[in-house]
């Protein structure tokens, strides 16, 4: 345990900007978003999905600017929890920290369930491999985490760049054959707004680098720049992908939506089999990379919340990961687990962002940097996050009860934490 603690010890000035960029970009999972998650936007906004993508990116951009300012000023292991401590009363800061903790933990389970229950069955692997994979994936992720922070970041840096190249290569293949998509106005303003919020989901998640502030060379400035760069690249990729997916489908968007994997469906039609296989492999890798990035951030957040070392945090998360992952295996209902965990993760994430956005003016006031436009930005971000919570509840229907339950549980943990002697 001593040698493990030494290997996983947090080291100042050990992570360069490219590695911080890797952490942010891999946590967004750009190819996973393009290959699958844009389905929700296509189902809502139809032919106007490219416009919805632009609007969605701009809406989420209000939070991005706020998060950029936080990460630039605050260098910490606690990331968003530390942001909350410097902008909100103690009890709300603790609630925010635990909501973020819950969001990451449930995201890991949700993405694992999606990968094993929905994506892997699309591959040639026999179904009999699912049970060992259900246990093997958490153990594999744990093994990666035990190597330290740098090896997985180098790996995801290479693969994330490959993902972006594949996204743009497929777009070029499509648009050289179809041209730009025609604009159809047969979509209501409500459907356009819903599609825009769905796109906002796809570019969320880049804040995993906030928890590397203490380890970053050049500290918060490097973290904030890496975060903004990763978001910008992912946003451009998603808008471009929305454009060529609509162009590829033409008037027949239904088959893309029904496929559940529009990016892969287009690759099957417009690219060679080798390209399609590469895209599928990188999509799986994209999801695994996002799990690793979330695990890395979560382990540091755990360290900040419960004041333990990183090695114990990594092992504690592994136990919870294995325990919750076994639910899908025991019930043989991966999709149900995916839906419930996704609901919990999204509700917790957006509520924590709401609190941080609301606290932003107080953060600035302490630094004597409060300006009117930043107050307006804070209000806009709060409004957008509330809209995203409402849209999530509307979209998920009865499943939203799992999200509400998660928020209650993690909020209670935050209240207990605030009343304890922990800092």
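Using the three backbone atoms N, Cα and C, a Cβ is placed for every residue, glycine included.
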Of 111-128, 129-146, the range TrEMBL labels transmembrane segment: 129-146
Beyond the flanks of the transmembrane segment (91-109) by at least 6 residues, Cβ under 8 Å: 78-81, 84-85, 205, 290-291, 294-295, 297-298, 301-302, 304-305, 317, 320-321, 324-325, 337, 341-342, 344-346, 348-349, 351-352, 355-356, 359, 406-407, 409-411, 413-415, 417-418
Contact call for the transmembrane segment (195-213) against the transmembrane segment (48-70), three or more Cβ pairs under 8 Å: yes
Stretch among 153-175, 278-298, 310-331, 343-363, 402-420 sharing the most Cβ pairs under 8 Å with the transmembrane segment (20-42): 278-298
Any contact, the transmembrane segment (343-363) to the transmembrane segment (310-331), with at least 3 Cβ pairs under 8 A: no
Long-range environment of the transmembrane segment (129-146) - Cβ separation under 8 angstroms, sequence gap at least 6: 4, 7-8, 112, 115-117, 120-121, 152, 288, 291-292, 295-296, 299, 314-315, 318, 321-322, 325-326, 328-329
Paired segments the transmembrane segment (225-244) and the transmembrane segment (48-70) in contact, 3+ CB pairs under 8 A: yes
